[in-house]
Structures are given as structure tokens and as C-alpha cells.
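One structure is given below, encoded as C-alpha cells.
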Amino acid sequence: MIINQSCSMIIFGGTGDLTHRKLIPALYHLMYQEMLPEGFAVISVGRQKKNNEEYREELYQSVLKYSRFPMDKTIWDQLCEKIYYRAFSFDEGDGYESLKADLQQMDQVHHTRGNRLYYLAVSPENFAPIVEKLKEHGVTAKRGCWQRVVIEKPFGQDLASAQQLNNRIGKVFSEQDTYRIDHYLGKEMIQNIMVIRFANTIFEPLWNHQYIDHIQITAAETEGVGSRGGYYEKAGALRDMVQNHLLQLLAITAMEPPGKNEAEAIRDEKVKILKAIHFPKDSIVHQHVALGQYRGYHMEEKVSPQSTTETYVALKLFLDCDRWKGVPFYIRTGKKLQQKTSQVVIQFKQPDKTFYKECESGCNPNLLVIKIQPEEGTLLQFNAKKPGNLQQILPVGMNFCQNCNLENNSPEAYEKLLLDVMDGDASRFTRWDEVENAWRLIDEISSSCEAALVEEYLPGGWGPEGAQQLIERSGHRWWNL
Ligand SMILES: NC(=O)c1ccc[n+]([C@@H]2O[C@H](COP(=O)([O-])OP(=O)(O)OC[C@H]3O[C@@H](n4cnc5c(N)ncnc54)[C@H](OP(=O)(O)O)[C@@H]3O)[C@@H](O)[C@H]2O)c1
């Protein structure tokens, strides 16, 4: 099959942070590696008044600052001559009329073949209005070419608002052409989880309740909410992180092998996991959730002094399926914690019998740690004899660090994801039923947690005391590796 990647990319939010820090550097990296299609152009839309030259100069500065490759002026010039800036407000019909004409011109000048990649790098309340305006002004009316829309997170704030948004988008773009981005899914090690599981015979046969004791999924940040207080007050850790990144990680870790390495097969399996997660509605809720708020959160910009928004959440979840019968999945995420890290820890069961005295009260557990960021790699911990005459057993680790030796060698998630959209490959984007089932669960957890205490925790530690109790109650401990 010949994939026609040529396209015009229309960035709504062209003056914003995401465009400057991620999207344009990602395009530069693709250009650097000769991975952008020949026929390509960018039209960026924002409100600020500026001409193409001024806009290109600003982007140049951002690429200098954020690129993982050195600045090569020849390559930059090749990219920059394909980038245009248009200033109009999203509610101005005239802006869309000129956009339509500009796009036709791009087809002539840059051979973009009528294909369009609309990237909504804007705040969520603008998603549906922009898409509706595109239709109203006939921008999306072109036939015989592809037209795809990329929608940033968050996709809704709860199930009802996500459904409404989806209905509005669905009147203009089919599900197949709607790419809900979760940049976590473009990260190297997340893609690697499937390879580790399905391309090795040493792991997949053990990947079930017979051999796995429990699984821990962590996304810890050292930063506070910064300037995002206004948004965060309405979201909290559960809606900001668990609904998308952490549930996606859980689904990829726990899913059955998909029949094929194809978008629909993979997403079908993830949906089954999202549907299988259950959360208790009764009096034992407090044994399954711990909420926290870092000391000083009240003083952050745009945060209410009475806020009870959680900046930390830990959950203990079970899956209703044979493979994971009785296996707890602990997930936790928080701000202002001791270390920035995202990882999955798989703790294996103890051997049934052992004749080693040192293991009478339990050997050190076997762990497989999948490190997602900032370090990318895997660690396998197992037991070995300490050298010497005495019989001593020690935990040892085999560490594979993907990004330790070659600095910045991993492609940024956005590079991979932008290429995926041009290729029409949605494997690493969330399908509507994934979003829907994730929101259903989060709404359920959120209403069960209404009475749960939001405990204060000190910045620089590992979260509230309740999170320790949550895991220790089951005889486990958090691994901060
Ligand atoms: N920043 C990140 O690292 C990041 C990471 C993950 C997801 N996201 C998501 O990406 C989206 C964009 O985030 P951001 O941080 O880039 O936001 P931002 O810095 O606030 O940028 C917003 C952009 O929207 C434009 N805009 C707003 N209202 C407009 C209007 N009425 N008409 C025309 N343009 C308008 C702004 O243009 P003017 O400045 O010209 O007014 C600006 O270009 C959000 O959904 C966010 O959740 C961002």
C-alpha cells in the first residue's frame, strides 16, 4: 500500500506553548531526519498580529531552545519556507474563508495534494467551535483526499462533557479521522511494553495471576501546578493524569495479545481491560483510594484558599478477568514529589518452596521495572548468591538503559505521533470507546471518593501517609526505584 503523507498541517494555536515547545521542534526533527513528506506546508493560526517573517523568527528561537538536534540553518530554512502565519480569532468567519483559499494555494505551491491535518493546539473549549466553523465555511468539504483532526487532551472533563464533545466533532470528522492525542502513547518505552511482552518468550508466559503478585504504575512529578492552577482546580490528579496516561498504561500492560499489530485490534484489547476494571462502591472505598494535596497548593496562582482538589492520588484496582484474578494494580500520581519518574513495576510471586534458609521468611521479590521517563529502559531484579564462603542471597539487577549513553537519542513522542497521523495509523491514539470507558470509571471513582479525606503532604516526599497505608495493608510496599 502506498501511503500518501503529503499534506497541509493547520495548527490552531500557532502562537501557543505546545506549538513552540513541541510541535515545531518535532517538525524540525523530522525534517532533519528527512522524514517529512516532500509535499508539506504549515499554516499556523493565532490571534496575535504578526507577519510570516516575524513568526518564523520566533519559531527559530524556539527550535534553538527546544530541539534535540543542533541547529542546521540549511535544514531550518527548508522547513521555515513551508510555514505561514495567519492571524484571526476562531470565531471570525472571514478567517476560515481566507484559510480555504490559502490551503488551495498550498496545494499548488507545496504540492500538498488536498490532504489536511488539522491540529487543535488550543484550550478544550475551542475544540468543537473550531471544527464546526471549518465545516460551516466549507474548509473540510474537499473530496478524494484525506482530512484528519488531532485533538489535544483533555477530551472532556467527565463522561457527559466528553460525549457532547464527541457528538459535535463526529458531525464533521469520522471516528477514523479523529486522532485523540495522548503524547504518553508516543513515548519509546510505552511502545516497548508490547515488544517486551509479545516478542519474548521469557515474559509473556508469566504475565498472569499465577506468577505475578501485583503491578505498580507510577507517574510522579517534582513540579507543582505552576501557572495551570485555573485548569487544575477543576481537574485534579484523577482527571488530569489517571483518566488518560495511567489508565492507558494499565491497559497496555494488562491487555490480552491483540490478534494483529494493528490499530483496531490493539484498541479492542485495551477497551476490554478498561471495561474490566472495577472499583468498590461500598464502605471499603477508603481501602482502595488515597488522596493528597501538597502543602502550599492553596497559595498557587488561581487556586482557591479553600480548595480540596487532589494533587496526589493512589488507587488499588482489580480487573474482572481470568488472567488477572486477585492481582492488585496499584496506581499513583502526584505533584511536588521527591523524584520525577514514570514507571511500571511488575512484582512476581515468591517461589512456592525453597530450601534456602535465607528465604524462609520470603526471598527478595523478582521485579521487572519498565522505566518510561526520564530514564528509559528496563530493570530485571532477581536473586543470586553473594560471592564468598558464606551462603548469602542478594538481589541483583540487570539494567538496560536506553537513553543513558547517547544523550537525546530517543525521538520525541510528538515526532512519532505526527508521522502516524500523516500515515493514517491510529494505533497510538485513543479511540472513542477507550475515552468513554475511562471517563465512566473516573466518574465512578470520583463519586465514590467524594467523602474521602484529602490529606496534606509535604513537598519533596512520596505523598500522603494514606498512600503508604493503602499499599501496606495488603503486605506490599511502593517501589521508588
Ligand atoms: N503546553 C503543553 O506542553 C501541553 C502539553 C499537553 C497538552 N497540551 C494541550 O494543548 C492545548 C494547547 O496548550 P498550550 O499550552 O499551547 O496553550 P496556550 O499556550 O495557552 O496557547 C493557546 C493558543 O490558542 C490561541 N487562541 C486562544 N484563543 C483564541 C481565539 N479565540 N482565536 C484564535 N486563537 C486563539 C492562542 O493565540 P494568541 O496567543 O495569539 O491569542 C494560542 O496560540 C491545550 O489543550 C493543552 O491542554 C499542552
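Glycine too: its Cβ is placed from the backbone N, Cα and C atoms.
Automated prediction, rather than curation, is the source of TrEMBL annotations.
What TrEMBL records for this protein:
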type	residues	note
DOMAIN	10-192	domain 'Glucose-6-phosphate dehydrogenase NAD-binding'
BINDING	Arg47, Lys153	NADP(+) binding site
BINDING	His183, Lys187, Glu221, Asp240, Lys335, Lys340	substrate binding site
DOMAIN	194-479	domain 'Glucose-6-phosphate dehydrogenase C-terminal'
ACT_SITE	His245	active site, proton acceptor
Are any of the recorded positions Lys187, Glu221, His245, Lys335 near ligand 1, with a Cβ under 6 Å from it, and if so which?
none
If I take the Cα of Glu221 (substrate binding site) as reference, which of the recorded positions Arg47, Lys153, His245 has the closest Cα?
His245
Reported as an integer number of Å, what is the Cα distance between His183 (substrate binding site) and Arg47 (NADP(+) binding site)?
26
Lys335 (substrate binding site) and the residue listed as 'active site, proton acceptor', distance between Cα atoms, whole Å:
15
Cβ atoms near Arg47 (NADP(+) binding site) (within 10 Å, other residues, all chains):
13
Give me the non-local Cβ neighbours of Lys340 (substrate binding site): same chain, 6+ apart in sequence, Cβ-Cβ under 8 Å, ordered along the sequence.
Ala220, Glu221, Thr222, Glu223, Gln373, Pro374
On a C-alpha basis, identify the one among Lys187, Asp240, Lys335 that is nearest to Lys153 (NADP(+) binding site); the candidates are the binding-site residues.
Asp240
Taking the residues His183, Lys187, Glu221, Asp240, Lys335, Lys340, which the record names as binding substrate, find the longest CA to CA distance and state it in Å to the nearest whole number.
20
Helix, strand or coil at Arg47 (NADP(+) binding site) [DSSP, three-state]:
coil
Mean pLDDT across the domain 'Glucose-6-phosphate dehydrogenase C-terminal' (194-479), rounded to an integer, is what?
92
Write down the Cα-Cα distance for Asp240 (substrate binding site) and Arg47 (NADP(+) binding site), rounded and given in Å.
27
Binding-site residues listed as Glu221, Asp240, least Cβ neighbours within 10 Å:
Glu221
Determine the Cβ neighbour count for His183 (substrate binding site): the number of other Cβ atoms within 10 Å of its Cβ.
19
Counting across all protein chains present, how many other Cβ atoms fall within 10 Å of the Cβ of Lys335 (substrate binding site)?
24
